[in-house]
Each structure stands twice: as structure tokens, then as C-alpha cells.
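The structure under discussion appears below in the form of C-alpha cells.
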Amino acid sequence: PPATAPPPPGPDMALRQLLLIAAALAAVAAPAAAFYLPGLAPVNFCEAGKEKPECKSGIELFVNRLDSVESVLPYEYTAFDFCQAEGKKRPSENLGQVLFGERIEPSPYRFTFNKKETCKSVCTKTYDTTKPEDKQKLDFLKKSMLLNYQHHWIVDNMPVTWCYDVEDGQRFCNPGFPIGCYITEDGRPKDACVINSEFHEKDTFYIFNHVDIKIYYHIVENEALGARLVAAKLEPKSYKHTHPDNPDCSGVPMDISNKASGEVKIAYTYSVTFHEEKSIRWASRWDYILESMPHTHIQWFSIMNSLVIVLFLSGMVAMIMLRTLHKDIARYNQMDSTEDAQEEFGWKLVHGDIFRPPRKGMLLSVFLGSGTQILIMTFVTLFFACLGFLSPANRGALMTCAVVLWVLLGTPAGYVAARFYKSFGGEKWKTNVLLTSFLCPGIVFADFFIMNLILWGEGSSAAIPFGTLVAILALWFCISVPLTFIGAYFGFKKNAIEHPVRTNQIPRQIPEQSFYTKPLPGIIMGGILPFGCIFIQLFFILNSIWSHQMYYMFGFLFLVFIILVITCSEATILLCYFHLCAEDYHWQWRSFLTSGFTAVYFLIYAIHYFFSKLQITGTASTILYFGYTMIMVLIFFLFTG
């Protein structure tokens, strides 16, 4: 096509148009100064000797924690014996980063803008295997290569990526790169060892002790400002430097035999080159990472699949509402004599029992309160994420946002729990408020605390420091709990919910139920449809948590969230109608559990995902996986219920 032809429309196009509209709105909203989210403003760089206050020449490289797909335990950079940065101060982390175990530290790698470096030495580490502490350090390094631990480096708030070809001619850009790799005793290369045919010694580790870094920059139209970095890519290499003091980056790879004894010397080096990239703008510099991430088309498929379920359910609900109820009510209105009224049937027979308070009304009202809190929190968090406030560039923002919202939403929780408890005829309001404040958050916190003890025992960086635990408890006790009390006060002050019909003194006998109107089969059937709507999205979310992939499809997630809410409501209305027609008036708990049972399917899916997709090894990692999964399942149960 001619050069002027517009690109074919598609999801990307729609996304770009949305972004353009957002940018236009931002430009209108912002005064003369440019509009940027806090912490995400561009940094300008210029060559040494041309520095100005708004433009610097030094580029710092930061290192994040190292993690592995085969283990849930991340470790911080300082836990390994790599080259350390002396005396530099660590950047501060927000609550979300600490909760997710991110630990960002300064590194000894320093570059000057547009200054090429070739094979520059960073440091040399020597291990004497006869000394126990040296042997321990080397063994830790070997173990982490065996489990394929990955470095995560950051330049100018962007991940430094390692791009390589995968099948179907696709290029995959991994925001991390391995420490090294291992050739097994039968000569089979594991993980990254396949990239180089020189890695062939059996039972040997190869360490990537050299990196070739390419930094791409874009010169700002306004020449006075300098350049902005738009990408940083690297290639890990392995060299056995014969003269560590004067390295030349050539020759055989750096091998560490598993049975090696005596002295082992590892020299760390790097090369850096700068390339001008005119086609990438600073604002779209994350695109190349996200584009190499899999599968937007699957998402559209899953959304269509979910919409079909929603249409089907809405049709059923509408039919029941319009046809059946309309007919029944019309027939009701025609009755003039009391004799006809004796021949009632179906759901009209239970009108004197329908508002009988449920058993364990206290617990149900507490669950409803906590569920409301989680529902509003999820809605607001996803809404902000859709607007782009919580993008992957804004590290830890998603988690921070969710925690802060949860703390501030104590009032609706207290109010809802109190309103329902009062309408159930409950008197013990103090117990109700205390349970709403402490039962569900307490279970989550206890689980979290046990997981944290395991992480702490393993020396992992994901273990939350004592100070942060105290801060979370303070947020909970000093903000969330008082807000819950305020909500409950208003809830109990209002009159109880008025019921349109009187409740009979004597409970009615419930007739023998057919199989599918019994409580358990009904509840099990009810969870299938909502789960069918979300399971594809669930795969991507679990991938982003356990396989360390970036999650950025918040638009899809928001859509799926809305569909899930509709599906849960409609499936419950349908089943509730069926068992009221069967003259079973215990509907309160059943309506909560019918859609809440989706969480059980979620748990089954998480177990399936663990055995089929993850290569997690080790007891601690397995316990952690299921511990964290149980927290997600509980939250999901309250939310769907």
C-alpha cells in the first residue's frame, strides 16, 4: 500500500486511539507545565562536559531481587557474592514493592551517556574451596544457577531486557537474564546453556560474567534538552578472562566444574554502546516488551466466550421475571374470593417464611460486610489501573493502591454488616462489629504471617521487614477498625430493613426436594458459570504472579470483572427462583454460597496450574504457593459471595 495508507484497525489501533484521547485530555487538564504521573517524568541525558541542571550525563544501573520460575523464594542482590556498590544509598520503596518482595539496590555498573566502553572490568571474585565460607558462597551460586535464578536490572526506571528468538520467528524480550546455566552429567544443556555450543563440558556450571549492554536513546525535538533513553538491551556472555586485571573478552567460556577444588576466579566485566533510535518515542518505550508478551487475541476470544454466557443467563432471568412472575402476579390480582387463594402453589406458598432469619446470621452478615469491602476495593483499583495510573512502570503501585483502599473502605463493611445483622433480628451488635473488623482480615493476616516466617527462615528477600508488618498492623488497627465502627454505628442507627410480608410464627414444613434443588448440587452448579467467564484471564494473572511475567491487560481484566459480577448475580437469582418454587425458603446462605463456590473452582484450577504449568521444586516453595493461593481463594470467596 502507499506510505500514506493508515494501518489496519485492530485492538492495538483502538488502544492507541484511547491513549491519544487520554493524552489530549491530559494536555487540556494540565497547565503550561507538562503533565506526568509522580515518579514517571522523563529524565534527560547529555554527554559529559555538556551537563545542565535539567540534563545529566551519568546513567545509573539499579539491580532488583533475583527470582526463579523453579522456586517461589526471591533473594536480594546482596545475598549473592556479586560485585557490590560501595557506600551508595538505596532508593526508597513503596508499600506495594515491599509486599511483593522487590528490593531495588544500587549497582557497581556506571555509564556515561554516549561514551562507549569495551570490556571494562567491574571486579574479580576469588573463591578458595578449602575455606568453608568461600565454599558456601560458591555453592549458593551453583544452586542458584541450577534453579535458573534471573537478574533483573533497571536503567532509568526501565527493565534491561534480553531479547532472543523463539519459535515461529517471534522475538521474546525477557525483562531478566540468568546468572548462569548448567550442563548435566549426561551432557544435556539446561535452560540458557542451549545458546552457546561451547558450553559442552559435562556436570559443569557456566556463569554469565560479562554483559554486552546496548542503550537506545531518542533526541528530544527541543534540542536544548538532550536525549531520553527509550530501551536498554543486553546479551549475557561467559568468558574465562586469562588476565583479570586487563580483560580482553575473548576465548573460552567461564566454566566451574561441579567437582572443582582449589581456587576459582571469576572476573566480572561489561561493554556498553549507545545507539540513536528515531522511531521510538519516550512515551511508548515499554511497547517492545509488551508486544513480545503473548496473546491479546486469546483475550478477545475469552471475552466473547464470557459474553455468550452472560447473554444466556440474562435471557433466562428476563424470561422468568417477565413471563412467569408476570403471569403469577396477574393471576394473583384477579382473585377476589378467599377460596381461590387456598390453591396457591410454588413460591407463593413460602411467603410467610421467606424472611425468617437464617441460621448463623451473625457469620453471614460479617461475610457480607467483608465482601462489600473487597468488591468496592477491586472495582476502584481496576478502574485506576484502566486509566493507566498503575502501569508496570509505576512499580508496586497496584498493591499499594489495593491495600490503602481496603483500609479506607472499613466504613461500608461495618455499615453493610450492621444493616443485615439488624434485619436478621440480631442483638449482639458489639460482637458483630468486632467480627467484621477482625475475622476475615485476621485469617488473611495470620496466613500471611506464617508465610512470612517461612520466607524469613529461608533468608528470602520477599520476607517482609518487621517495620512494615508493624505499619500494616497500624493501618489495620488505627484506621480500618475505627472506620468499621463508624460504619456499624450508622448501620445500627437506621431502622431495620422493612419486609413486605409478615413472617409466620410456626415454620413451614419443607417438602422432599428433588436432586437438583437440594442445597449442595445447586451450590456446585452455581459456581460453574462465573468460573467459565474468568478462567482464561485467571491463567494470565497466575502467570504474572508465579512466572514473573508482566501483567498489563487491565482493560480486559476490568471487562471480565464486570462480566463476573453480572454472572454471579444472575446465576444466583436463577437458582434462588428454582428452589423457592420447590418450597425451600432457606435462601440467604444458599445465595451467598452459590456464587461463592466459584472460589472452590478457582482453588482446583490453582492446583491444576501448579502441577501442569509450574516447575516449582522444594517444600518451602510448595507451602508458600498454596499458602498464598489460600489467601486469594478466601478473598475471591468473599468477593463473589
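A Cβ is built for glycine as well, from the same backbone N, Cα and C atoms used for every other residue.
Small disclaimer: the values here were computed from a predicted structure and weren't measured.
The signal peptide annotation in TrEMBL covers 1-34.
Through the fold, the transmembrane segment (300-322) approaches residues 11, 529, 532-534, 536-537, 556, 559-560, 563, 566-567, 570-571, 573-574, 577 of its own chain, all at least 6 residues removed from its boundaries and within a Cβ separation under 8 Å. Here TrEMBL flags 300-322 (among others) as transmembrane segment.
The transmembrane segment annotation in TrEMBL covers 363-390 (among others).
Per TrEMBL, the feature transmembrane segment maps to 396-421 (among others). If you look at the transmembrane segment (396-421), the same-chain residues 6 or more away from its ends with a CB under 8 A from one of its CBs are 93-100, 102, 361-362, 364-366, 368-370, 372-374, 376-377, 380-381, 384-385, 389-390, 429, 432-433, 435-437, 472, 475-476, 479-492, 494, 496-497.
Residues or ranges marked as transmembrane segment by TrEMBL: 433-456 (among others). Proximity of distant same-chain residues to the transmembrane segment (433-456), defined by a Cβ-Cβ separation under 8 Å and at least 6 residues beyond the stretch ends, is recorded for 73, 101, 362-363, 365-367, 369-370, 410, 413-414, 417-418, 462-464, 469, 472-473, 476, 480-481, 484-485, 488, 620, 623-624, 627-628, 630-631, 634-635, 638.
Marked as transmembrane segment by TrEMBL: 462-492 (among others). Among residues of the same chain six or more beyond the transmembrane segment (462-492), those with a C-beta under 8 A of the stretch's C-beta atoms are 65, 72-74, 95, 98-101, 369, 403-404, 406-419, 422, 429, 432-433, 436-438, 441, 445, 449, 452, 455-456.
Residues or ranges marked as transmembrane segment in TrEMBL: 523-546 (among others).
Long-range contacts of the transmembrane segment (552-580) within the same chain: residues 15, 290, 293, 296, 299, 302-303, 306-307, 309-310, 313-314, 316-317, 320, 346-347, 350, 354, 375, 378-379, 382-383, 385-386, 390-392, 513, 516-517, 522, 525-526, 529-530, 533-534, 537, 540-541, 587, 590-591, 594-595, 598, 640, each at least 6 residues beyond the stretch ends and with a Cβ under 8 Å from a Cβ of the stretch. Here TrEMBL flags 552-580 (among others) as transmembrane segment.
For 592-611 (among others), the entry in TrEMBL reads transmembrane segment. Sequence-distant contacts of the transmembrane segment (592-611), counting only residues of its own chain at least 6 positions beyond either end whose CB sits under 8 Å from a CB of the stretch, comprise 364, 367-368, 522-524, 526-528, 530-531, 534-535, 538-539, 542, 546, 568-569, 571-572, 575-576, 622, 625-626, 629-630, 632-634, 636-638, 640-641.
Same-chain residues lying 6 or more positions outside the transmembrane segment (623-640) and placing a CB less than 8 Å from one of its CB atoms are 72-73, 367, 370-371, 374-375, 378, 440, 443-444, 447-448, 450-451, 454-455, 530, 545-546, 564, 568, 595-596, 598-600, 602-603, 606, 610, 614, 616. Feature annotation from TrEMBL assigns transmembrane segment to 623-640 (among others).
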